[in-house]
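Reviewing the structure listed below.
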Amino acid sequence: MTPIYTIAAISLGASLGALARYGLGLALNAIFPPLPIGTLAANLIAAYVVGVTIAYVGTVPGLSPLWRLFMITGLAGGLSTFSTFTAELFSLLREGRLGMSAGMLGLHVGGSLALLMLGMLTIGLLRKSSLGIAE
């Protein structure tokens, strides 16, 4: 794997992820301004992409490591937005909206974990294989 292919895979994935995140913000954030739904959707979709990728890469022998870099480091990394989430959470805290802040924190963190596991489950069901999670 040459460095130029690594850079290209990550860059292409990150560009697509960032454009998708921007589009989600434009399309969804105006729906319910107190809770930026576009940011939440971006983080949840990115977590699902990571779960699917982790599970899929583990079941396909010989798959180029570039796919993992493209999907997780690039696409999911460009799509997810911890910095925007943190800024939005801080804004709610500064306004004294503690309940909304706690709800937003729970939705982002709990939802992301749930969607990552759902992504892994999806591949497990499609492949009729195990999740790879310790029981």
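Quick reminder: no glycine exception, Cβ is built from N, Cα and C everywhere.
Positions annotated as transmembrane segment by Swiss-Prot: 7-27 (among others).
The transmembrane segment annotation in Swiss-Prot covers 37-57 (among others) and is backed by sequence analysis.
As annotated by Swiss-Prot, transmembrane segment applies to 70-90 (among others), with the evidence given as sequence analysis. Tertiary neighbourhood of the transmembrane segment (70-90): same-chain residues 9-21, 36, 39, 42-43, 45-47, 49-50, 53-54, 101, 104-105, 108, selected by CB-CB distance under 8 Å and a gap of 6+ residues from either end.
Feature annotation from Swiss-Prot assigns Na(+) binding site to Gly77, Ser80; the stated evidence is sequence analysis. Here the Cβ of Ser80 (Na(+) binding site) has 23 other Cβ atoms within 10 Å, regardless of which shown protein chain they belong to.
Per Swiss-Prot, the feature transmembrane segment maps to 105-125 (among others).
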Residues of the parent chain within Cβ reach of the transmembrane segment (105-125), under 8 Å, 6 or more residues beyond its termini: 35, 40, 43-56, 59, 85, 89, 131-133
Assigned element (helix, strand, coil) containing Ser80 (Na(+) binding site), judged by DSSP: coil
Neighbourhood of Gly77 (Na(+) binding site), C-beta criterion under 8 angstroms, separation at least six: Ile10, Gly13, Ala14, Gly17, Ala46
